[in-house]
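As recorded in TrEMBL, the features of this protein are as follows:
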- 22-209: domain 'Aminopeptidase N-like N-terminal' (DOMAIN)
- 245-469: domain 'Peptidase M1 membrane alanine aminopeptidase' (DOMAIN)
- H316, H320, E339: Zn(2+) binding site (BINDING)
- E317: active site, proton acceptor (ACT_SITE)
- Y401: site 'Transition state stabilizer' (SITE)
- 543-861: domain 'ERAP1-like C-terminal' (DOMAIN)
Amino acid sequence: MAENQSLDQFKAQPRLPKFANPRRYDLKLKPDLVSCKFSGSVSITIDVVSETRFLVLNAAELEIDRASIVYRSAAAADSAKEVRPSDVHVVEEDEVVVLEFGEAVAVGEGVLGIGYEGTLNDKMKGFYRSVYELNGEKRNMAVTQFEPADARRCFPCWDEPAAKATFKITLEVPSEVLALSNMPVIQENHNGHLKTISFQESPIMSTYLVAMVVGLFDYVEGQTTDGIKVRVYCQVGKANQGKLALDVAVKTLDLYKLYFATPYPLPKLDMIAIPDFAAGAMENYGLVTYRETALLFDDQHSAAANKQRVATVVAHELAHQWFGNLVTMEWWTHLWLNEGFATWVSYLAVDSIFPEWKVWTQFLDETTDGLRLDGLAESHPIEVEIKHAREIDEIFDAISYRKGASVIRMLQSYLGPAIFQCGSQLTDVVKSLASYIKKYAYSNAKTEDLWGVLEEGSGEPVQELMNSWTKQKGYPVISVKVEGHRLEFEQSQFLSSGDRGDGQWIVPITLCSGSYDARKNFLLQKKLETLDIADLVGNQKKWIKLNVDQTGFYRVKYDDDLAARLRSAIEANDLSAADRFGILDDSFALSMAGKLSLSSLLRLMSAYGREVEYTVLSNLITVSYKVARIAADAATELADDIKQFFINLFQSPAEKLGWEPRKGESHLDAMLRGEILAALAVFGHDGTRSEGVKRFRAFLDDRNTPLLPPDTRKAAYVAVMQTVSSSDKWGYESLLRIYRESDLGQEKTRILSSLTSCPDPAIVREGLDFLLSSEVRSQDAVFGVAAVSKEGCETAWKWLQENWDHIVKTYGSGFLITRFISAVVSPFSSHEKAAEVEQFFANRSKASIERTLKQSLERVHINTNWVQSIRQEKSLAEVLKQLVSGKY
Ligand code: BES
Ligand code: ZN
């Protein structure tokens, strides 16, 4: 065996060869926060499982100074010897280092020692530097972000989730700073202006979860009922902003202990806000890192939406401490096991802590985003083949998170009763999860392992049912027709392009008729099925709603008769909020796909005139933005009427909410107020614009004015930006002033996502250029790109091309670059534009953006078809006139 090995066989492989398994890492690092260099040495205890002349492990951007292995050879089993490799090959392309030995290393235990140097980079991955201010001075901190495959940029390792090992970490740092890692400190030795900090050895875990942070921070501290110490670390002087997250974390840990029937596995939990951070948060074992906006909450200046974001992100990352960290996916193909589950479980926790937020209704935002992405031919299955580390970043997407979470919800509602009512009444699904966690703790699992446990727990054919949802991309649309008291169902794959895909699913169909007590459910296994519902409807023409409460991951297309009955049911307020949401959302998707006229969609929207529910109105707003844009592309003369129609639709709920909070009002009203006022401002409602500007002036005079509380600030900023033009830049410049003066991430984000919403393309350009200036952290620029106004789209595309080299340099190695592409490209609606984009990227694409680029181009084609089908709607202008005048 060892004789036939050659270097080439280790190249371009998706996974490392299995000659040896790491058992324990003894890692010593010395970061220099001034020069931004670090030196490291690692001793890895390995099990050599087959005799080999090569040891292959991951390393990237590290300068290896020395390497050797100490092991007992087969010949002299009683004495260990140290052998240096005859050659060290660095294969940069594959991020591996191959240690070649003159003689084969024997089977058995060995200790591999490697000394090396590296750089604290500016790319927000690996071992990197983040910049913060202390007493007006800029300082560097050292931070790690290793998921999915960047531990290799900090130390040579078997950088795969299944290669679990223990970690003993030691840091040498300046004596005045704080150093944190996954485990508690066990020893601190000072020598001069340096100190050596050793952390307790970790339980076995994957490399992507190892973490270190070195810098100056304040903290707040709490404790779980088990006595686990929980801390939230913040900027110096801002410890108060950590209190909300601390409170949520302590409660959540107690809940998860119950759900998973397993205590939190580590002795402590630290959570820390990092000023430069690519993702929203990262679940490192025992040391969770966050963007500031996802962890910190300021009572004076953070909004209700910010509060919900903090709670959700904390609940999500803490779910990973079990689901991901204790039980880890075997390979990135099963990433959704981590992300889909953490997403779903976070709703259980947040719902339990904040029942008045009705997050299970808000969950539909997750489902609809999953459906939206999965309606593309360029989508991918939940379980996706990964052939190279560079492909992993792109699957942290709405399929893994949102479709993943949604299919779990679908399964849970198929298997068990409603989500549990109180902490002690766990559903069967949650009980099965606990046995899954127990069975695979300190180990790895695949998708089928989870189904196995659920199948055992429920006695249902979970494996077969779920394979159709995780192994193929896409989802079905169920067309339903009524003939007296018989319903006819037909499933076909839904594609937003209007094409018919050839997928087929096992669909858990639920329906109710006339009331939520009259229900039926069955599994639709074939393409066609009929069902007699005489027992539900008798001879009456009652409304019939499929996918009750939208727990299924599919869409429904009703025949005209059923659609009309549902429209009346919405007007009569007979349906649940989730069902009102679903009917709107499916109709919107069908309209985009050319399966439902825009007139019908608008008529349906007019049925929501008395809507009060946050999640439904919020989706109504999202849909109206998209409809207004596409209608303007289809026929400019429609644009004003469409806007007026939406203004009419939103005016009365907006008037009820007003600009200032009422005493004791709900969290959901607080969130709704901001969204609805912003929509009115964008659609051109004069009253909202002038009120927004007026209140903004008051805010400029006094940052604590009660006239512009945090929940309405974004709406006021957007209103102000609608009035800005090249000849009158007062609003724009005032916003920049607030941006520069504020040191609250959430405030800065609000401003960035307003600046480019201006109808004047010249201002949009200025805003976009500002995003790339040194005043905006590279983590934040995408907010501005995603907010570009309809009028600014062309400008944004030009800007993207002109700045592409710079953008690649700053973002090219991370996943944020994909957001630039989708935000700029997807809004277009002509085949010519698609061709232009394709041409630009012809020689600029690469593995890490390929999928996003294809998806964005597909969206352009979908928009183009949509525009064409709208142009063919002869009666649209007429219908719209009637709707605007209130005749429908
Ligand atoms: N594991 C991810 C962080 C991550 C994302 C690492 C992408 C590498 C690439 C983390 O658990 C996560 O999912 N964070 C979310 C927030 C969450 C509430 C959905 C995020 O970063 O947006
Ligand atoms: Zn996650």
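Cβ atoms here come from the backbone N, Cα and C positions, even for glycine.
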Query = Taking the Cα atoms as reference points, how far is Y401 (site 'Transition state stabilizer') from H320 (Zn(2+) binding site) in Å?
reply = 13
Message = At a 10 Å cut-off from the C-beta of E339 (Zn(2+) binding site), count the other C-beta atoms across all protein chains.
response = 23
Query = Tell me, what is the mean pLDDT of the domain 'ERAP1-like C-terminal' (543-861)?
reply = 97
Ask   = Taking DSSP three-state, what's H316 (Zn(2+) binding site) in: helix, strand or coil?
value = helix
Query = Whole-number Å distance between the CA of E317 (active site, proton acceptor) and the CA of E339 (Zn(2+) binding site)?
reply = 10
Query = Tell me which residues of the chain lie with their Cβ under 8 angstroms from that of H316 (Zn(2+) binding site), as long as they are six or more apart in sequence?
reply = A281, E283, A342, T343, V345, S346
Key: C-beta crowding around H320 (Zn(2+) binding site), within 10 angstroms   = 24
Fewest Cβ neighbours within 10 Å, where candidates are the recorded positions E317, Y401 = Y401
Ask   = With a radius of 8 angstroms around the mean position of the C-beta atoms of H316, H320, E339, what other residues of the same chain does the Zn(2+) site pick up?
value = E283, E317, A319, F323, G324, N338, F341, A342, T343, S346
